[in-house]
């Protein structure tokens, strides 16, 4: 109704200017114009104030401050009282992080974009993703998550234009899978759909029918029968990766988010296994002994770490904020869960 009223004001002034003769239109009652403009200004200001107040609603429950910041951080969470990701990660920064993803030689040209990432992250920001530890902590976690994403979707090499770390989000699926990744051990809980292939897809690639099944249940999308949805929808692909980041793979294992932001307290056994909170532990949670506990020369581990450090620099945080090597690396860490046959794989 406010917009309609403003439109009526504009129409009225315009019609007065063109229907009266030139003399009358130039001598239009100045007081009346001033009144109309004053009213319209008040309405515009009132609308602006209502938008800003809607952006950060605040209430206190049992002495705890809770906020709701609209679509990006919705649901009365303490984390929504902090800055959201779009406050400190702009479109141009996302473009800088993944500057070669739409290069003609990239394999997923036009698929990944900033809007898809922010939309996906909106599901998890009320849970603390990118909203834990203030702006600085949020930037570090976003860089950490995207470090995994960039390294797993990169087609950059040492001689690649722009450097090897500029090619993240080059892929959105495995191009030459050598199997269907169907594990019949889960035929009762996550049976393979006829003709479906469960090869690697997404921002942090998903493999195996049971992983597509679990993630599909969590996101309320039928990925078991339609695994191809991940390679068709960038928002869904980011959501699946964020689910893996935010969700403990098993009850006795923390999530990558928890070990990174410090919400995980190592047990005595963890300490003996050289598992400590930090970025190295995120690699351990996601990849276990496929990558960790193999010394400092493991190429896959070093590639993930290098992407994280590169993104910290581009976001203006600086790689020096990554911490000492024992926090950054998982070279000496024992796996949270030793890998076994394919049915126990979590990648």
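Each residue, glycine too, has its Cβ placed from N, Cα and C.
The disulfide bond annotation in TrEMBL covers 182-192 (among others).
Residues or ranges marked as disulfide bond by TrEMBL: 292-330 (among others).
What TrEMBL records for 92-320 is domain 'Glycoside hydrolase family 19 catalytic'.
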Using Cβ atoms only, which residues of the same chain lie under 8 Å from residue 330 (disulfide bond) while being at least 6 residues apart in sequence?
280, 281, 283, 284, 291, 292, 293, 301
Among 192, 292 [disulfide-bonded residues], residue with fewest other Cβ within 10 Å:
192
Across the domain 'Glycoside hydrolase family 19 catalytic' (92-320), the model's average pLDDT, rounded to a whole number, is 96
